[in-house]
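Marked as domain 'SMP-30/Gluconolactonase/LRE-like region' by TrEMBL: 16-115, 116-192. The divalent metal cation binding site annotation in TrEMBL covers Glu18, Asp132. Positions annotated as substrate binding site by TrEMBL: Arg101, Asn103. Annotated active site, proton donor/acceptor per TrEMBL: Asp132, in sequence order.
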Amino acid sequence: MSSAKIECVLRENWRCGESPVWEEASNSLLFVDIPAKKVCRWDSLSKQVQQVTVDAPVSSVALRQSGGYVATVGTKFCALNWEDQSAVVLATVDKDKKNNRFNDGKVDPAGRYFAANRRSVYKLEKEEQIPDGMCIDVEGKLWVACYNGGRVIRLDPETGKRLQTVKLPVVKTTSCCFGGKDYSEMYVTSARDGMDPEGLLQQPEAGGIFKITGLGVKGIPPYPYAG
């Protein structure tokens with residue numbers, strides 16, 4: 001069994017970090033802070049963070065084959081231009097539902113950007129709480145961040161068997177992705193919204209971005225949106 005090492009690489013106390021995506025070309029990690037309406041890019045070499053603020057809660061971000069990024073903002077699919085920090089609406093859904101918004105989004109191998117308000121998930125053990133963001137490794141196994149469970153688990157999607165558990169120093173783990181030079185690093189986002197002062201005192205890194213090394217398995221590059 002591999003020996004995982006956990007490091008908080010970004011302690012910015014994000015309210016609800018989500019949707020981590022590795023951009024190999026810039027050695028950067030993209031992610032969003034949903035309620036803060038921010039799309040963020042952390043440069044793993046300079047350790048600097050850049051942000052673009054949008055006009056509604058932003059639930060996911062993805063690479064775009066033609067350059068730049070795409071994101072789900074409120075109930076809109078938007079193209080992001082990082083240079084001038086602008087967002088152009090590509091499509092809007094549920095215009096008649098004021099309080100609705102996308103919950104998550106991913107690009108499939110065909111380059112299509114899928115987003116939904118609700119999603120199907122694997123049934124997990126009780127102590128693992130709520131399954132949240134997921135990713136796949138090169139062996140086809142599923143990694144799941146467990147919200148309110150403070151852990152990332154590896155599952156066999158065919159049998160549902162849990163193969164590995166990595167506990168983190170924060171409870172509200174929200175999502176995960178592989179990244180780094182050879183996709184051997186895992187990045188995990190977390191949240192701090194809804195925590196009381198005592199909880200925040202006990203978990204000073206809540207809302208941070210974590211890097212896990214030594215998992216013994218690599219991930220696959222993210223698929224870019226083809227549009």
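Using N, Cα and C of the backbone, Cβ positions are placed for all residues, glycine too.
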Same-chain residues at least 6 positions away from Asp132 (divalent metal cation binding site) with a Cβ under 8 Å from its Cβ, in sequence order, are Val144, Ala145, Cys146, Tyr147, Thr173, Thr174, Ser175
Cα of Asn103 (substrate binding site) to Cα of Glu18 (divalent metal cation binding site), in Å and rounded, measures 10
Which same-chain residues, if any, lie at least 6 apart from Glu18 (divalent metal cation binding site) yet have Cβ under 8 Å of it | Phe31, Val32, Asp33, Ile34, Ser59, Ser60, Asp104, Gly133, Thr174, Ser175, Thr189, Ala191
What is the total of other Cβ atoms whose distance to the Cβ of Asn103 (substrate binding site) is within 10 Å?
-> 16
Calculate the per-residue pLDDT averaged over the domain 'SMP-30/Gluconolactonase/LRE-like region' (16-115) and state the result as an integer.
-> 90
In all the protein chains shown, the tally of other Cβ atoms within 10 Å of the Cβ of Arg101 (substrate binding site) is 19
